[in-house]
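Working notes for the structure below.
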Amino acid sequence: VSDGMGVQSMTLARQFYQYELLGNSKSAMIDDISSTLPLDSLLVGSVRTKPFGQLVTDSAAAATALASGVKTLNSYLGVDKNKKPVANVMEAAKHGKGYLTGLVATSRITHATPGGWSAHILERDWENQVAAQQIGENVLGRSVDLMLGGGLRHFIPKSAKGSDREDERDLIKEATEKYGFKTVVKNRDELLAAKGSGKALPILGLFAKSHLDFEIDRNKTDQPSIGEMSHSALSMLAEASSTCDSPGFFIMIEGSRIDSCGHANDIACHVREIIAYQDAVAIVKSFAEQHPNTMVVSTSDHETGGVSLGTQLDELRDSSDYYDWHRTSAKASGEVVAKKLLKAADTEDLPALVRKLVANDLGVTDVSQAEVDAILKARAGQGKTEEDITEHAVNRLISTRGLIGWTSWGHTGMDVNLYAINAPHLRGNLDNTYLAKYTGEYLGVWGETMDKLSRRLAKQKIDKEEPAVAPAESGNKRSSGHFHH
């Protein structure tokens, strides 16, 4: 799942890939008609994304559709519009057929998309409850054999540094002592050490308190990349399923932070997250080539940001030439730049600091006074409106220079691409719920098996308390700061 990646994002990422591949040459990139991304050869159709009752989905309703084949309200995870828990394909593969299962995400593992395959709850923001269900505290028992991502804060006691829990439960301890997890890894080296053994399963990997860092900011010796997590997951699941009484495995891999960059309108961050996802796709493609009985499906849950390639800011500038942003050599996300600026004291020479940060972190050495003023204006009004967010102002500098347009800081209702390997009947424009039906039928669990599990799930506790805003009316601004991802 390429969270938040739309068609135009894919186009821009391909052009960025060509630009870097061809020695940072704009003319060579424009003339290149042969260099492609790993997903390009797998395109088979497109997917409609709307949830129940609205035109624009959030990731929770989208994940429920993709995993369970059911339309539901935004914010609901694994629960239908009538507040009834519904089984998903991964659970059915595990409990109905004996498949091993895995979840990989660059977000918190408790976030909406991985949560859609592993939890049943009325409010996606109740991530402490999602974490408990994921390790096995639900009526079905443990449904996941491998979980790799962020979200440590939801698994450690309230008294532990960085915890986001409201109690003293230690879910890592519970996972190992009560629910059978054999291995817990918390950094890249520990994951790579465990990779060579299927005996490590069940495994829980939590590499950050919250989301993993953006690829552009990632400490490559501490946090694993999505490619490294994917390769490790495939290796462990393949070995384990070949040495036990299992017909194979089911895994959901999410490039989660493509969406986060889209919400922030951070184009340099956005394309690097997409390129990182392509690295994971290349690893999955290679695995599928070596194991011909593997089916692969890739799509996005929705598009984020409404990005456009070529926006005409004034009638004198040709919008067909939207590549100036490639001339920057951004080394950090707008989020990181903004944090540095917000941390500075008001007594500092702030204009000079802006110029320094923009030059060092974004590679823009000719920033204008107007651009400096716009960033400082946002800093002064931080958080009053979406316009008055320092991160947005920083990101707008790059997008404006490159004639990259954005229509939203939220999700949009656009269709998204569909890619597949060994799925001959996935063709055309499809509703997102059909992907659950298709994968469920492929695994032999669609219908009776999932219905039986849904009946068992009727006893599952899905509420914590009544949310302050009813999920059906929550819109796209909720958790994770000022965005609903």
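Backbone N, Cα and C define each Cβ position, glycine as well.
On a predicted model such as this, the values are computed, not experimentally measured, just so you know.
Look at D3 (Zn(2+) binding site): DSSP puts it in coil. TrEMBL lists D3, D259, H263, D301, H302, H411 with the feature Zn(2+) binding site.
A sphere of 10 angstroms centred on the C-beta of H111 (Mg(2+) binding site) encloses 32 other C-beta atoms. Taken from TrEMBL, the feature Mg(2+) binding site applies to D3, H111, T113, E254.
Secondary structure from DSSP puts S59 (active site, phosphoserine intermediate) in a helix. What TrEMBL lists as active site, phosphoserine intermediate is S59.
Marked as region 'Disordered' by TrEMBL: 461-485.
Among the recorded positions D3, S59, H263, H302, H411, the ones whose Cα is located within 10 Å of the Cα of E254 (Mg(2+) binding site) are D3.
When the C-alpha distances from H263 (Zn(2+) binding site) to the recorded positions S59, H111, T113 are tabulated, the minimum falls on S59. Looking only at Cα atoms, H302 (Zn(2+) binding site) sits nearest to S59 among the recorded positions S59, H111, T113. Fewest other C-beta atoms within 10 angstroms, among the recorded positions S59, T113, are seen around T113. Sorted by the number of other CB atoms within 10 A, the binding-site residues E254, D259 start with E254, the lowest. One residue stands out among the binding-site residues D3, D301 for having the most other Cβ atoms within 10 Å of its Cβ: D301. A separation of roughly 8 Å, to the nearest angstrom, links the Cα atoms of D3 (Zn(2+) binding site) and S59 (active site, phosphoserine intermediate). Inclusion criterion for the binding-site residues D259, D301, H411: a C-alpha placed within 10 angstroms of the C-alpha of H111 (Mg(2+) binding site); this criterion is met by none of them.
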